[in-house]
Amino acid sequence: MTTLTAAQALSSTSGTSGPAALTGRSEYEAALRRLREASQAYYGDGDSAMDDASYDRLRLALLAWETEHPAEVAPGSPTALVADGAAPAGDVAHTTRLLSLDNVFDAEGLVAWGASVERRLGRAPAGGFTVEPKIDGAAVAARYRGGRLVRIVTRGDGSQGEDISHVIGQIDGLPERLAGEATVEVRGEVAFTQEQFEVANAVRVAHGAPVFANPRNGTAGTLRAKDRPYRLRMTFWAYGAVELEGVPFLPAGATQAEALAAVAAAGVRTTAAAGAGLHIVDDLAGAQQAVDAMAAMRAELPVGIDGVVIKLSDTAEQEAIGSGTRFPYWAIAVKLPAVERQTVLEDVVWEVGRTGVLAPTAVLAPVEIDGSTVTRATLHNPADIRRRDLHIGDTVTVYKAGDIIPRVQAAVALLRPAGAKPVPLPEACPRCGGEINTAQERWRCAKGTSCALPALIEYAAGREMLDIDGLGKTYVAALVDSGDVTDVADLFTLTLEQLTAASGSSRRAAKLAEQIEAAKARPLSRVFCALGVLGTGRSMSRRIARHFVTMEAIRRADAAEMQDVEGIGPEKAPVIVEQVAALAPVIDKLIAAGVTLHEPETSATASAGGPLDGKVVVVTGKMAGPLEGFGRTEMNALIEKAGGRAGSGVSARTSVLVCAPSASGKPSSKAVKAAELGVEVLTPEAFAELVADYLP
Ligand SMILES: NC(=O)c1ccc[n+]([C@@H]2O[C@H](COP(=O)([O-])OP(=O)(O)OC[C@H]3O[C@@H](n4cnc5c(N)ncnc54)[C@H](O)[C@@H]3O)[C@@H](O)[C@H]2O)c1
Ligand SMILES: [Zn+2]
């Protein structure tokens with residue numbers, strides 16, 4: 001029934017919370033109850049007490065137990081049913097059953113599926129595989145008669161679905177008329193694109209309705225809603241076509257890709273047009289490559305995907321293999337890590353931005369999402385916090401994908417602790433204690449820019465930054481009050497008259513002018529630090545300046561490149577990039593004033609002329625040989641000593657990848673990327689030889 005062993009089931013979702021292996025019948029039954037409860041809530045009003053990752057883990061534990069105790073499987077166990085038997089069935093019979101998909105979570109799982117295919121077919125499949133994105137929405141069947149869209153039906157329990165024809169005309173990619181007169185049922189996924197989701201939530205808010213917890217919940221609710229005073233646009237992507245009323249549609253023997261092409265030619269959007277492409281591959285190694293490629297594109301796609309689907313290309317082979325009660329045996333979904341998890345909102349802190357805007361940040365109980373631990377997430381503004389009805393102590397859904405800054409979507413009302421209080425809003429400016437201007441949705445300090453300015457200028461003039469010795473608190477206050485200094489760059493264009501007015505003496509003014517002139521020659525690390533970019537103190541500014549060498553290079557860096565700087569992770573990188581972009585006018589003024597925006601080579605511990613001079617080195621896997629036991633910190637220090645820079649991800653800028661051959665013989669994803677980009681790959685032993693002079 002399943003291609004998973006118990007051990008695989010429990011190891012494959014590492015990083016997600018949930019039960020460990022079920023140890024006995026009563027645990028099994030308790031887990032069954034929890035699963036049923038969650039799925040009923042999920043397919044009912046969508047407000048489940050479990051996030052998908054935890055739910056999937058619970059399901060896997062159940063499956064693993066059932067696989068090992070086939071005689072004790074509960075009658076009607078949800079694990080064998082489409083939608084776990086919890087979706088409303090409706091009264092429209094499907095033409096042929098509309099099934100779910102079996103899941104695997106990694107390359108090993110895909111190989112195991114390949115073995116099950118060969119076993120069922122009695123030989124290796126000859127027609128190859130088709131690889132499509134797995135759109136994260138709701139499955140529907142759309143029936144066209146004579147080229148006209150006549151009915152849309154939900155998946156339901158797989159045999160019967162609900163008639164949702166009231167949404168005809170609301171779905172992009174599913175036209176009311178086809179290009180020709182075809183009679184056919186197209187099957188596919190309806191979802192909000194990211195853009196449609198933003199619009200949908202804005203419309204909801206305008207109508208006083210709560211925002212959707214996520215695009216998939218929103219889609220399911222919108223498809224079933226009949227009496228809303230507003231309509232929301234969604235999008236359809238077909239992944240198959242079946243014959244309707246005996247009228248032939250596809251040529252005999254059409255492959256999966258040909259079927260999709262025929263659907264597209266008729267005017268319906270298919271999964272091939274979801275931005276991730278459609279790959280036709282000979283074998284599972286090729287399929288795995290396509291999976292990796294789609295996974296890498298995930299954050300940029302116009303619609304959310306939660307996996308990649310691999311199907312036998314040849315329809316005769318599909319038929320030969322057939323289907324189970326829940327899913328076809330000829331297709332498999334490789335699930336991608338969840339981009340949405342539930343965690344607890346512990347606090348909300350307020351920071352005052354450069355322009356005086358009060359920005360709330362959610363402090364969260366640490367949770368792993370999409371490969372990194374998230375502890376903070378953005379919130380928009382007070383009105384938005386109230387709209388989402390967030391309370392301190394709420395369990396909230398948090399969304400993060402790729403480089404996107406994590407954001408809080410919604411509270412799970414079901415899990416609100418008794419006595420929880422709505423998130424408190426500030427009554428005074430958290431920085432200067434002054435009045436708050438609440439006229440707009442984004443609250444600001446009534447002092448605006450000047451709330452932050454005196455502190456920022458004093459900081460910039462400090463010893464470790466621009467080192468303008470005579471510029472103390474009183475003069476700074478005078479310069480800010482007179483409006484002569486509106487940002488750090490203005491310091492460099494002050495006239496003697498302005499300085500005299502501020503300091504009260506032409507002699508002091510001349511001295512200040514001299515110091516300001518000298519400050520123009522400070523190295524980039526200090527000037528950058530003086531800009532006061534959040535999260536970049538002195539040592540971080542030094543690392544950034546050494547890494548990029550010029551201000552131009554810092555400005556050009558995207559979030560991925562920013563992460564190459566030691567100590568900057570996926571949470572911080574986009575924030576820094578965004579702030580640097582916002583500082584563009586100030587940086588332009590610095591350039592115009594002739595300030596040094598360059599980092600001299602001398603400051604680094606790096607030895608010029610070392611074997612890694614100018615090279616970016618990425619390290620992965622366990623070190624061996626002379627480097628045995630070297631952790632990340634030791635390796636980074638070694639690389640810097642030998643003149644190189646340590647990077648975190650393999651990119652076109654990487655010069656060398658140090659990589660131990662994996663125990664399983666399967667290359668790591670970094671090694672694959674390096675091979676694709678033509679980056680030099682060295683074993684730890686070869687690398688140790690290269691930097692032998694620098695080994696401790
Ligand atoms: N949080 C909860 O309490 C809770 C409860 C129940 C279910 N769930 C979640 O719902 C999901 C299970 O739902 P499911 O049965 O729809 O399975 P699924 O979402 O894992 O996959 C099956 C579906 O994928 C869709 N699909 C998208 N792209 C496709 C493509 N290119 N080709 C073929 N099919 C494609 C089809 O609609 C198909 O029915 C799980 O992710 C689970 O976590 C969560
Ligand atoms: Zn203030």
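A Cβ is built for glycine as well, from the same backbone N, Cα and C atoms used for every other residue.
According to TrEMBL, the protein carries these features:
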- Lys134: active site, N6-AMP-lysine intermediate (ACT_SITE)
- Asp52, Ala53, Ser54, Tyr55, Asp56, Ser100, Leu101, Glu132, Arg155, Glu189, Lys311, Lys335: NAD(+) binding site (BINDING)
- Cys429, Cys432, Cys451: Zn(2+) binding site (BINDING)
- 1-18: compositional bias 'Low complexity' (COMPBIAS)
- 607-691: domain 'BRCT' (DOMAIN)
- 1-22: region 'Disordered' (REGION)
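Feature map: TrEMBL annotations on the structure.
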residue: Asp52; record: NAD(+) binding site; contacts (Cβ under 8 Å, 6+ apart): Asp306, Ala338, Glu340
residue: Leu101; record: NAD(+) binding site; contacts (Cβ under 8 Å, 6+ apart): Lys134, Val309, Phe327, Pro328, Ala331, Ile332, Ala333
residue: Arg155; record: NAD(+) binding site; contacts (Cβ under 8 Å, 6+ apart): Val82, Ala83, Ala87, Leu98, Ser100, Ala138, Ala139, Val140, Ala141, Gly161
residue: Lys311; record: NAD(+) binding site; contacts (Cβ under 8 Å, 6+ apart): Phe129, Thr130, Val131, Glu132, Gln256, Gln318, Trp330, Ala331
residue: Cys429; record: Zn(2+) binding site; contacts (Cβ under 8 Å, 6+ apart): Val352, Gly356, Leu358, Glu435, Ile436, Cys445, Ala446, Lys447, Cys451
residue: Cys432; record: Zn(2+) binding site; contacts (Cβ under 8 Å, 6+ apart): Val352, Cys445, Lys447, Cys451
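In this entry, Asp52, Ala53, Ser54, Tyr55, Asp56, Ser100, Leu101, Glu132, Arg155, Glu189, Lys311, Lys335 make up the residues listed for NAD(+), with the farthest two CA atoms of the set 27 Å from each other. Proximity to ligand 1 at the level of Cβ atoms, with a cut-off under 6 angstroms, picks out none of the binding-site residues Ser54, Lys311, Cys451. Secondary structure counts, DSSP: the domain 'BRCT' (607-691) has 29 helix, 15 strand, 41 coil. Ligand 2 lies under 6 Å from the Cβ of none of the binding-site residues Asp52, Asp56, Leu101.
The Cβ of Ser54 (NAD(+) binding site) has 21 neighbouring Cβ atoms from other residues within 10 Å, across all protein chains displayed. Here the Cβ of Cys451 (Zn(2+) binding site) has 25 other Cβ atoms within 10 Å, regardless of which shown protein chain they belong to. Its Cβ placed at the centre, Asp56 (NAD(+) binding site) has 19 other Cβ atoms within 10 Å.
Residue density at Lys134 (active site, N6-AMP-lysine intermediate): 24 other Cβ atoms are found within 10 A of its Cβ, drawing on all protein chains shown. Shown in sequence order, Val352, Gly356, Pro430, Arg431, Gly433, Gly434, Cys445, Ala446, Lys447, Ala452 are the same-chain residues outside Cys429, Cys432, Cys451 whose Cβ sits within 8 Å of the Cβ centre of the Zn(2+) site.
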